[in-house]
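Okay, so here's the structure we're looking at.
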There are 2 protein chains.
Amino acid sequence: MPKIVDHDERRREVLSAASRVIVRDGIDAATTRAIAKEAGYSNGVLAHYFADKDEILLSALRGSHRRIRDRLTGKVAGLTGLAALREVLLDNLPLDDERAAETRLEVSFWSRSLAAERLAEVQRAEAGELRAAVRELLGQAREAGELAMDDDLDDVAERLLALMDGLSLRLLLHPDRLSRDDVERLMLQTLERL
Amino acid sequence: MPKIVDHDERRREVLSAASRVIVRDGIDAATTRAIAKEAGYSNGVLAHYFADKDEILLSALRGSHRRIRDRLTGKVAGLTGLAALREVLLDNLPLDDERAAETRLEVSFWSRSLAAERLAEVQRAEAGELRAAVRELLGQAREAGELAMDDDLDDVAERLLALMDGLSLRLLLHPDRLSRDDVERLMLQTLERL
């Protein structure tokens, strides 16, 4: 009897292996060979599921974003305006091990996107969704009278997202200077002053 | 008569070639072979000047930081407090082609540092200098009565540096959404509210 292969399951295993290699050894080290070894498959099996290394990396990034969205959907259920915005921004900071791994994956893609237009396009599309969500919640917050400042909300959204990216990066690069509590506090301070 | 070799000049040429390769093709592509080719030297000549790829990359990063410091020293001459802080933070944003290349180099090192402790140590030391300078200028600004807010100045320094990193990154990744003028405006808005 032929072995029954669950193709979706195999793809998930490969992507999970790719994420582990990137987070542990860096995106430079995530060759198709290294990913195959981590997943316990041959290079040939990998080639059956993914056209090239970039397709594996992109699928891993999209998978990570999907998991973040699913988790976040639970956290903001029933919330609107500033309360929902707080959850969105805090959830995107590397405040626990799971989110630290997600952020390491994200930072790895930043530099790679600068040299690879195909990766950059995907990253722009995904970042666009998050920006739209933040902008929408700021609009709700203003409608509800929760904002003291009368700044242009597109500007506020950009500043908050830049702060989120910068704090995420600095927590990963400077664990000697910044703790997770520090980074959470710095983001909350900023939200209190909106 | 033996050819006279200017070793410092050769080292500079190699580092300049390394920076060009990283900025143009990404840090993954900056192999010793690619750097040698760009510089017009053999791999053997490169090996004479640098122990390995990481030493080339670190020297390129340090050289870039030295040029930034030299340029900045001119810009802040005679300035103190908030006026000097404005120059420091704007100078670190990719607001022209020269600084865009510097920022691409920086972003490339972020992800590589996450997987290479030796690079991370150098980056922490260099980032520590910038943080100390920003904190010092904030202290001068408060002494001079230039700050409206009574926040802890270490927190303010961290928020400003995180915003600087985040805006730099977002300008490089999302040139379709953000212009150099936008990023300059967003940073100045933040400084006006200190």
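Heads up, the Cβ atoms here are built off N, Cα and C, so glycines get one too.
Nobody curates TrEMBL annotations by hand; they come from automatic prediction.
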Among ranges B:11-30, B:31-50, B:131-150, whichever one TrEMBL labels DNA-binding region: B:31-50
As a test of reading the model: what is the averaged pLDDT for the domain 'HTH tetR-type' (B:8-68)? 87
